[in-house]
Each structure stands twice: as structure tokens, then as C-alpha cells.
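Engineer: Sharing the feature lines straight out of TrEMBL:
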- 5-75: domain 'MIP18 family-like' (DOMAIN)
- 83-103: region 'Disordered' (REGION)
- G115, K116, G117, G118, V119, G120, K121, S122: ATP binding site (BINDING)
Amino acid sequence: MSVTREAVLAALSKIEDPFTKSDIVAAGIVRALTLEEGKVRFVLEIDGSRASAMEPVRAEAQAAVEALPGVVSVSALMTAHAQQKAPPELTARRSEPQGPQKIPGVNHIIAIASGKGGVGKSTVAANIAAALAAEGRRVGLLDADVYGPSQPRMLGISGRPASPDGKTILPLRNHGVTLMSIGLLTREDEAVVWRGPMLMGALQQMMNQVQWGALDVLIVDLPPGTGDVQMTLTQKAHVDGAVIVSTPQDVALLDARKGIDMFRKMNTPILGMIENMSTHICSNCGHEEHVFGHGGVQAEAAKLGVPLLAEIPLHLDIRLAGDGGAPIVVSKPDSPQAQAFRKVARALMDKGVA
Ligand SMILES: Nc1ncnc2c1ncn2[C@@H]1O[C@H](COP(=O)(O)OP(=O)(O)OP(=O)(O)O)[C@@H](O)[C@H]1O
């Protein structure tokens, strides 16, 4: 028989949180507990400065659950809050500094967003980042797509980032782009369930505890939709603007409109829209076909009064390049597809945001 949620919580409640002296369940640090056919996953949400002190607690929690009958595997991760937690007996949290802040050393932040998943937002983000690097800009890429981090694969980066002092994280680098991705902190085959407060903690950690160095621009690859990550980013960081990626299909456009609306409510300028998978060019014969329609994003951009930054074709080379770890801007810099991305990069530089 598979283990029950109650049994897992009972085992975890025997472990003491050394900081609050209550058990880790009562202390509220056990989050995102999921059980699936004996596979147990949970996260300990802790103060970032206590990571090394809490590691034995994490190990003890993992071992306690592993010892339960019916448990097949256990994944126990730690995620950090950027700020101190109030002691549990206090109901009010100490207020934190309000309003968007600059990330030290980072001149500009550009968010790449889409209303719908799978429209090519990550592909666009990787290519814009590599194109800006090719223009000589100092570029960072923050992969905040917690539901499907794909930037390590697209930029050909693997391995875990180092943290020499246990507090800050050293990002990795390829194709002139400094990358930090939530995908580099989790195992590639491991699904991570992120809940609201954890998402906010993880995003703030990636913005503030990563040693980005001096950057002209940080590109943020957002998850699709209008959720906690988008809200946290625009509330906590000074974002220069958002680029909205959509396919020409009506359904994708509807979602893109919601995204634009959200950014406007958060006072984040819309830098423009990109129509991806605009037209299909056959790699054999060069025949052009409008698989998802064509021109829908241009019409929408005109209606909303935002610039259309590019129409990127659906082209096999773009996918192969992304899957192969060298975006098309790097692998085939002279191709028309790469040139379309270079044009977007130059437009962003001309606007003074990159
Ligand atoms: N213009 C294009 N031509 C060919 N393939 C493309 C193009 N744009 C994206 N793709 C491919 O489509 C797939 C989805 O793209 P991508 O991961 O960039 O989308 P996404 O919007 O970031 O998705 P998600 O929201 O799920 O993270 C990838 O395999 C990518 O290589």
C-alpha cells in the first residue's frame, strides 16, 4: 500500500526546526508536499542565510520519510526566502521594502512573456540574449520558467552552479550569455511543484543572490500566463519593459492580450510583440505556408498601439538549433532567421533598454 500524506506529515513532525524549536511541520517550512504512487516530494522553505545549518534537517527529513513503509522514493529540496521569517508566534510579518528595486550591477531588465505555453517564448528569449551578446552587450538570462525551464538545454549549459560561500550562486555562461535557471538547481528528470510563496522566494533568490556581475541587460524568460512569477517580477524589480511572444492563432492572441493587460496594470511598458511561427518555410523546397495563419499579431499590435518587433518563421533550423544547445543566432548567424532576431536586438538597443 502507498504511504499516506498523514503518515509523511507525522514522520516530519518529529523533526525539530533548530531555529524556532518547534517541529518543522508546525514551523510551516514543509511546503509543496506531493505523493504519487509512493513517490514523495516536498520542499523545506527556509531563510537563505541558514542553508548550511538546515542541510542536516533536510537530510533527516528525507531519511525519516524514506523509512516509512510504502515509500518508493523521496525528493526533499530546500528553497530559500530572501528575507527573515517572522517567528511563528507573531501574526504580522515585518514589512519588507516596497516597490520595484534595481538589481545591483544590472542596468536594464527585459521580460519575455507569452500568454500561452509553447509559442516559442524561450526560443525567442535565448536568441535575443545571444543576439545582444553578438552586438557586444553584457547579457544575462534568467530562466524563470519554473514549469518548464528550457534555457540550459537551449544554451548548451549543464552542471550545477557553484556557491563558494553557501550564500550567493555563481551563474554559468555560454555563447556570451550569463545564465541562471531554476532548471540548473533541480534535476532534469524531476518535476518540481512550485507554490506561490516558494515561487516568489526562488525568483527573488535568483535575482538577488546570483552573482550576475555588471550587465547591460538581464533578459527574463517568464513562464506562460499571468501568475505569481510575473507579479513578483514586476513588483520587486524595476523592469524596463516586456516583449510579448505570440503565434498568429486567435487562441494564442487572446492569451497574449491578457498578458499585455497585466503588464499595463503593473505599469510595465510593452516594448513590442513578436509573431513566432509566422510562416512555414519548407527546408527542402523553400515553399512558404501559413500553418498558424499569418499577420494576426501585426493586426493586434496595431490595435493595441505597440510595435511589432519581428515575424519569425517556423523553420526546422530554429528548432534544431535550440535543441542542439546553440541558438540559430549563434549556429547560423547569416541565415534570414538569425537576422530577424538580430533586428529585434538592435531595436531594443535603439530604444535604450538593452
Ligand atoms: N520559429 C520556430 N521554428 C521552429 N521551431 C520553433 C520555433 N519557435 C519555437 N520552436 C520550437 O517549438 C518548441 C517550443 O518552443 P519554446 O520552448 O521556445 O516555447 P515556450 O513558449 O517557451 O514554451 P513553454 O511555455 O512551454 O516554456 C521548441 O521545440 C522549439 O524549438
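Cβ atoms are placed via backbone N, Cα and C, with glycine included.
What you see is a predicted model, and the numbers here were worked out from it, not measured in a lab.
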Engineer: Note the Cβ centroid of G115, K116, G117, G118, V119, G120, K121, S122, the recorded ATP site, then list each other residue of that chain whose Cβ lies within 8 Å of it, in sequence.
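Structural biologist: Apart from G115, K116, G117, G118, V119, G120, K121, S122, the close residues are S114, P224, V245, S246, T247, A252, N276.
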Engineer: With every protein chain in view, how many other Cβ atoms are within 10 Å of the Cβ of G118 (ATP binding site)?
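Structural biologist: Other Cβ atoms within 10 Å of G118 (ATP binding site): 12.
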Engineer: Around S122 (ATP binding site), which residues of its chain at least 6 apart sit with Cβ under 8 Å of its Cβ?
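Structural biologist: Spatial neighbours, sequence-distant, of S122 (ATP binding site): D143, D145, G148, S150, Q151, M154, D221, G322.
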Engineer: Fewest other CB within 10 angstroms, which one of the binding-site residues K116, K121?
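Structural biologist: Each of the binding-site residues K116, K121 was scored by Cβ atoms within 10 Å; lowest is K116.
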Engineer: Most Cβ neighbours within 10 Å: which of the binding-site residues G115, G117, G120 is it?
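Structural biologist: Top count of Cβ atoms within 10 Å goes to G115.
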Engineer: What mean pLDDT score does the domain 'MIP18 family-like' (5-75) have in the model?
Structural biologist: 88
Engineer: Using a 6 Å cut-off on Cβ distance, which of the binding-site residues G115, K116, K121 come close to any atom of ligand 1?
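Structural biologist: Once distances to ligand 1 are taken from each Cβ, K121 fall under 6 Å.
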Engineer: Relative to the Cβ position of V119 (ATP binding site), how many further Cβ atoms are located within 10 Å?
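Structural biologist: Counting Cβ neighbours of V119 (ATP binding site) within 10 Å gives 24.
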